[in-house]
Each structure stands twice: as C-alpha cells, then as structure tokens.
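These notes concern the structure reproduced below.
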Amino acid sequence: MKILLANPRGFCAGVSRAVETVEKVLEVEKSPVYVRHEVVHNKVVVDSLKKKGVVFVKEVDEVPDDAVCIFSAHGVSLKVEEAAAKKNLVLYDATCPLVTKVHRGVRLASNNDAECILIGHKGHPEVQGTMGQYRSKKGAIYLIESEEDLNKLTIKDPDNLYYATQTTLSVDETHGIIQALKDKYPNIKGPKKEDICYATQNRQTAIKAMLKHIDVLVVVGSQNSSNSNRLKELATLEGIDAYLVDNPKDVDKLWFDNKKVCGVSAGASAPEYLVQQIISQISKVCSTEVEEFEGIKEEVYFPLPRLLKQKIGTGKVE
C-alpha cells in the first residue's frame with residue numbers, strides 16, 4: 001500500500017504562535033503558568049505542555065489573583081477579558097489574529113446596533129468568544145449552523161444586519177449558507193474577505209485534490225478539533241473510509257485491508273512529529289511507500305504577543 005501525504009498539513013501560523021507563546025512564557029515567567037482552555041485542540045500538545053508545568057483551567061475564576069495567564073488560540077469573550085483584568089493577571093493573549101479579525105467585525109456591528117448572524121458550531125470555544133464580543137442592547141446576535149437554522153430566524157431590521165463565521169468551518173458548506181443569507185437579506189453586510197482561515201481552506205483544498213487518488217484517509221487530529229473533523233468529512237462525503245486519530249496506538253490494521261493508497265493529512269493543531277509517528281505505525285501494520293502529494297506552500301507567520309516580545313527582547317512594544 002502507498003501513503004500519499006497531503007500538503008499543506010498540520011500546524012498553521014495561529015497554532016504555531018499559540019504553542020510558541022506558551023513555551024516562551026514558561027521561560028520568562030515564574031511557575032505556575034495558567035492557560036484558559038486548551039491552548040489548541042490537540043491532546044498530544046496539551047499533555048506535553050502539562051508535563052512542562054502548564055496548568056489548564058476552564059475559566060479565569062480558577063486562576064489566583066496576580067498570576068500569569070494565557071488566553072488560548074480560540075479567543076475569549078469581553079466578559080472573560082474583564083474578569084482577567086479584575087484579577088490583575090499578567091496576561092498573554094495567544095488568540096489567533098484571524099479570530100481577532102472576526103471579533104473586530106462583530107464589535108463594530110454591536111457598536112452600530114446592527115443585528116449580527118454568526119455561522120458556527122454551538123459550544124465551540126471560538127464561537128463562545130465571538131458571541132461574547134456583542135454588547136448592543138438594541139440589536140442581537142444569532143448563531144446558526146445550517147440553512148435550516150437561517151429559515152427559523154426573525155430579523156428586526158434587515159437593512160442593518162451583519163454576518164460573520166467561525167474560522168474553522170467547511171468552506172463548501174459555509175459558502176452555501178452565506179449565499180442563502182445574501183439571497184434572503186440582500187443588504188446584509190459581512191467581512192470583505194471570508195472569515196474561514198487560510199489554513200482551513202488550504203487543508204481542505206489539499207484533501208479534495210487527493211481524494212481521486214486514494215481509497216482510505218487518515219487524519220491526524222483530536223476528536224475536539226473542528227478543522228480536523230471537517231477534513232475527515234470531506235472523504236466520508238465521497239464514500240471514502242476516513243479515520244481521525246491522535247495516537248499511533250489507535251491505528252488499526254483492518255482499516256487498510258484491500259486498500260491500495262492511503263491519504264494522510266493533519267488538522268491545523270496537529271504537530272508534524274505526531275504525523276510521522278502515525279505514518280511509522282501505518283508502515284508497521286502494512287508494507288508501504290510514502291510519497292508527498294504536491295500542494296500549496298504556506299509562508300504565513302504571526303508575531304508573538306507584544307508583551308511577550310518585550311519580555312524576550314525580540315521586538316518593540318508600540
């Protein structure tokens with residue numbers, strides 16, 4: 001059996017920035033270092049940081065006053081920011097800059113008393129943070145996951161309406177919902193460029209290009225990773241067996257029975273070393289050759305948070 005490796009795959013610029021932020025903060029600050037929510041949705045990465053002394057918490061209420069705290073890549077609501085300020089925390093914000101961009105759009109809608117429609121998955125931390133940017137008493141923010149949800153909405157002022165999306169959704173599915181929004185509300189405003197992040201788009205594009213060449217897909221990523229699940233879905237929608245794994249021990253020989261080509265990709269929060277471990281495990285259970293599948297080359301970089309750059313002396317605080 002042959003293995004085809006999707007390109008690009010694995011860590012995106014936002015995840016790299018978030019993980020590097022935690023590792024650098026561990027170097028410049030005294031322990032313990034607290035992180036609100038899993039810094040990225042990958043069990044291997046989180047477990048590794050725990051071993052280095054990071055304490056993960058669900059809410060800033062669990063963090064002692066004046067302690068060091070990091071916000072995860074998914075972003076937080078205004079209420080969480082205010083709670084952190086009251087506790088006088090030494091705060092490092094590892095929110096992905098692309099999520100921050102979505103936050104700005106929602107805050108602008110709120111400031112203009114525009115109603116806002118957010119396309120996203122209920123309960124996802126990014127969605128909670130984005131919903132929490134809206135403060136207008138005259139308007140409201142609504143969460144929808146499908147065109148069916150859209151049909152149930154009652155909008156008070158269609159001429160003062162804005163939409164935004166979670167950054168890690170399916171590009172194809174979201175495009176359909178956005179088009180339905182524009183058809184129903186012709187005057188709706190939204191971001192100049194789609195909120196779906198470049199890395200999510202690129203990884204989905206790479207999978208689509210590879211589908212006609214494979215008969216099974218293994219996606220390296222954790223079960224709670226939204227973008228990893230979307231990669232798996234692209235294959236299953238085409239009738240191709242697909243599996244989501246974040247531990248080499250989870251690889252099952254039966255997956256590859258009577259298969260000729262296995263595609264391997266990784267969600268934006270999965271490190272390359274884990275990809276290589278899983279490829280090695282696949283090779284153990286069935287003889288394989290490994291080939292890189294040509295794709296988009298990513299060269300995006302997001303700088304570290306300003307406070308951290310100041311502490312380590314690699315940049316100026318503006």
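The backbone N, Cα and C atoms fix where each Cβ goes, and this holds for glycine too.
Fair warning: this is a prediction, and the values are worked out from it, not measured in the lab.
Taking a C-beta cut-off of under 8 angstroms and a sequence separation of 6 or more, C197 ([4Fe-4S] cluster binding site) has the following same-chain neighbours: C12, G14, C96, L98, T167, T168, A268. DSSP assigns C197 ([4Fe-4S] cluster binding site) to coil in the three-state reduction, outside any helix or strand. According to Swiss-Prot, the [4Fe-4S] cluster binding site annotation covers C12, C96, C197.
All protein chains shown were included, and the count of other CB atoms within 10 Å of the CB of H74 (isopentenyl diphosphate binding site) stands at 28. For H41, H74, H124, S225, S226, N227, S269, the entry in Swiss-Prot reads isopentenyl diphosphate binding site, with the evidence type sequence analysis.
Cβ neighbour count for N227 (isopentenyl diphosphate binding site): 27 (other Cβ atoms within 10 Å of its Cβ, all protein chains included). Positions annotated as (2E)-4-hydroxy-3-methylbut-2-enyl diphosphate binding site by Swiss-Prot: H41, H74, H124, T167, S225, S226, N227, S269.
The dimethylallyl diphosphate binding site feature in Swiss-Prot is assigned to H41, H74, H124, S225, S226, N227, S269; the stated evidence is sequence analysis. Around the Cβ of S269 (isopentenyl diphosphate binding site), the same chain contributes F11, V15, V40, H41, N42, V45, G221, S222, S225, N227, S228, each under 8 angstroms and 6 or more positions distant in sequence. In three-state terms derived from DSSP, S269 (isopentenyl diphosphate binding site) belongs to neither a helical nor a strand segment and is classed as coil.
Annotation note: E126 (active site, proton donor) sits in a helical segment as assigned by DSSP. Taken from Swiss-Prot, the feature active site, proton donor covers E126.
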With the (2E)-4-hydroxy-3-methylbut-2-enyl diphosphate site defined by H41, H74, H124, T167, S225, S226, N227, S269, which remaining residues of that chain have Cβ atoms positioned within 8 Å of the Cβ centroid? V40, E126, T168, N224, S228, G267, A268
What are the other residues, in sequence order, whose C-beta lies within 8 angstroms of the center of the C-beta atoms of C12, C96, C197 at the [4Fe-4S] cluster site? A13, G14, V15, A73, L98, V99, T167, T168, Y198, A199, T200, A268
For H74 (isopentenyl diphosphate binding site) and E126 (active site, proton donor), what Cα-Cα distance in Å is obtained after rounding to a whole number? 5
As a whole number of Å, the Cα atom of E126 (active site, proton donor) is distant from the Cα atom of S226 (isopentenyl diphosphate binding site) by 10
Check the binding-site residues T167, S225, S226 for other C-beta atoms within 10 angstroms of each C-beta and report the one with the most. T167
Around the Cβ of C12 ([4Fe-4S] cluster binding site), other Cβ atoms found within 10 Å total 28
